[in-house]
Amino acid sequence: MTFGTERGRQALHIDIAFTTLATVFTIVRIYTRAFIVRQMGADDWAIIVALAFSWAFFGLFVGEVKYGMGEHQAQIPPDILIKQMKYFWVSIPLYQASLLTTKASILLQYKRVFSTPGMRFACWCLIGFLAIYGSWTFITAWFTCVPVQKFWLPDTPGFCFNKTALWFSNAGIHILTDILILIYPMPVLKNLQLPRRQKYALMAVFALGSFVLVTTLLRLNSLLVISNSSDPTYDNVGAATWSAIECNTAIICACLPGIRALVSKLLPRFLSSYKSRSHTHTYTRTPRSRVTQFSNFQASVAGHQPNYHMQSISHGAAGIHDKASGSDEGTSNKIKVTTIVMQESTNMQEDASSVRQLL
């Protein structure tokens, strides 16, 4: 007996490929975070939950194909059609759950690496917005029709939301959150000095993040088809396929920054340490002083003789200036030290340093 229809099997093959890729990337990320970095965070647990929802969606996808997705509705027996529509009904909130949990994982990762109050506040605002929107999505997904059985038994007394308006409004908010998540770190990245290889790697990560937005946009056409369809079992193939691509691509994108440590270990020349490129060292000795210089940091330590002058210490990244002087007083050889410290705000530079953890 042939499993499903040709259209259904083709869609299932695509779902298998993307779900497998998402699983591989998640396993690599968790291995990297747990055994190489040894620092599992809330964002890592969130991506595991997102993958679990993706697998649940895949299981429902298999059920839809088994019960005739891709076949014309008129050719499907009524009892089989009801089963397919039930699988379709349950798959909608699980798709939303996977996508929303993935976005939460990305935002939790941003919250972990960005240290400034402004960036953290913006991150919490996005997380709060995602929580409110997620609650609305779950409620409307489960109760698209009241009573719920009207979803698969259209002749049941009750009412249903306008599916076109509901699905397109949800898709529109997904597009909005995709854009906000994409541009959120840009103020820091704009000021970040990186070697060419790391810049290319960073561009690739964000380019793939844009691909999630592209898949969401492409899914809109399939949503329009299914929401106005008189033959939903045949036309649902496109929407189901793009939904699988979207949620699994989002998981892959969320996992990429988390596997940097493993890639650096396996390919050290491709992702060399930022510090090895941005810091240069010079070391000289004199009878009375030792000078160490790191690109924009210079310090001079004087010997323990009276009547000396300690050179100013300038740390460009932190905006710190330290000036000390001493003099001989009588025969006690006491040292008088005067220290002046000026601290400037370096929040953006701290975030620029923190964002290297994403690379």
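Cβ atoms here come from the backbone N, Cα and C positions, even for glycine.
What TrEMBL says about this protein:
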DOMAIN    28-264  domain 'Rhodopsin'
TRANSMEM  12-32  transmembrane segment
TRANSMEM  44-62  transmembrane segment
TRANSMEM  87-109  transmembrane segment
TRANSMEM  121-144  transmembrane segment
TRANSMEM  164-188  transmembrane segment
TRANSMEM  200-220  transmembrane segment
TRANSMEM  240-263  transmembrane segment
| field | Integer average pLDDT (0 to 100) for the domain 'Rhodopsin' (28-264) | value | 89
| Proximity verdict for the transmembrane segment (240-263) and the transmembrane segment (44-62), three or more C-beta pairs under 8 Å | yes
| Apart from its near flanks, which chain residues at least 6 from the ends of the transmembrane segment (164-188) lie with a Cβ under 8 angstroms of it? | 96, 99, 103, 106-107, 110, 114, 119, 122-123, 126, 129-130, 133, 137, 140, 144, 206, 209-210, 212-213, 216-217, 219-220, 223-224, 227-228, 348, 351-352, 354-355, 358
